[in-house]
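Visitor: Here's the feature list from TrEMBL:
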- Asp11, Ser12, Tyr43, Gly44, Asn76, Thr77, Thr190, His191: substrate binding site (BINDING)
- Cys75: active site, proton donor/acceptor (ACT_SITE)
- Cys189: active site, proton donor/acceptor (ACT_SITE)
Amino acid sequence: MAEPAPVLVFDSGIGGITVAREIRRLMPGLPLVYAADDAGFPYGAWQAEALTRHCTDVVVRLAGELRPSAVVIACNTASTLVLPPLRAALDIPVVGTVPAIKPAAERTRSGLVSVLATPGTVTRDYTFDLIRRFAPEVAITLVGACQLAGLAEEALLHGHLDPAVLAAEIAPCFVEKNGRRTDVVVLACTHFPLLAPRMAQIAPWPVDWLDPAPAIARRLRDVLLASGAATGEEGAGAPARALATTGRDLSAVLELLSAETLAISGAEAASSV
Ligand code: DGL
């Protein structure tokens, strides 16, 4: 019998693994291909037009080769641009990952929310639209972090993490105004949940770190059930593989799909002092 078509989970690097894990957890019987466009990493630094063209080309080419049942763009920086062209080019469902501003607005008590993202995501009309539609009453601080995605890759793959750089990157998220403090930080880049435990340790006060990955997995399940590409009775142990556009070996990353936690073990201070 022919293998069922896989779901293609796409990111610029290894951050999308935070989404792929949740998909795996929810639907362990779903074959999955994780694709990292590490040749284009980091996406946060690209101009919008060039990134739209590049990403659309890469995903359309991968979809032609892999014949997936659906594509998940596990990248906020790309999703805030490429969902319309991809949906026009592909005849399968395309699920995006965009800043979780709506749930953050529902969750905040102080009315101060920060959106921690790449420098690209915080300049997108898509992000401004989400704020206008879902958080008009909330004071949103947009924080475009230049180094965090690279820091997450380095920490996960090589165990190096400089806490001083991490602290400096997240510092603008913590706002105090009229006796109120930021209480929700949206992790609007799929790399950032990899660093969330460390961020929580060095944060000036406790906040909710909002990771949209479980919601993306549920959205994918609904879409697959609706399209008939999944029945919900697939069982477990479906194959998963990973590829990188540079051809680099991603087997270590693939192992994280079923690892107990994504804790960045051994990521000790590469001392900045
Ligand atoms: N993981 C990506 C995101 O969710 C971006 C990382 C990068 O390539 O800069 O935005």
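Even glycines carry a Cβ here, placed using N, Cα and C.
Heads up, TrEMBL stuff is auto-annotated, nobody curated it.
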Visitor: Roughly how many Å lie between the Cα atoms of Cys189 (active site, proton donor/acceptor) and Gly44 (substrate binding site), rounded to a whole value?
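Guide: With the alpha carbons as reference points, the distance is 9 Å.
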Visitor: Which chain neighbours of the substrate site, leaving out Asp11, Ser12, Tyr43, Gly44, Asn76, Thr77, Thr190, His191, have a Cβ atom within 8 Å of the mean position of the site's Cβ atoms?
Guide: Gly13, Gly15, Gly16, Pro42, Cys75, Ala78, Thr118, Thr121, Ala149, Cys189
Visitor: Say we define neighbours as other CB atoms within 10 Å of the CB. Which of the binding-site residues Ser12, Tyr43, Asn76, Thr77, His191 has the fewest?
Guide: Tyr43
Visitor: With DSSP assignments reduced to helix, strand and coil, which class does Cys75 (active site, proton donor/acceptor) get?
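Guide: It is coil.
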Visitor: Whole-number answer please: how many Å between the C-alpha atoms of Gly44 (substrate binding site) and Cys75 (active site, proton donor/acceptor)?
Guide: 10
Visitor: Let me know how many other Cβ atoms fall within 10 Å of the Cβ of Asp11 (substrate binding site).
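Guide: Within a 10 Å radius of the Cβ of Asp11 (substrate binding site) lie 30 other Cβ atoms.
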Visitor: For substrate, with binders Asp11, Ser12, Tyr43, Gly44, Asn76, Thr77, Thr190, His191, what's the maximum Cα separation in whole Å?
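Guide: It comes out at 12 Å between the most distant Cα atoms.
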Visitor: For Asp11 (substrate binding site), what is the secondary structure state per DSSP, taken as helix, strand or coil?
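Guide: The residue in question, Asp11 (substrate binding site), is strand (DSSP, three-state).
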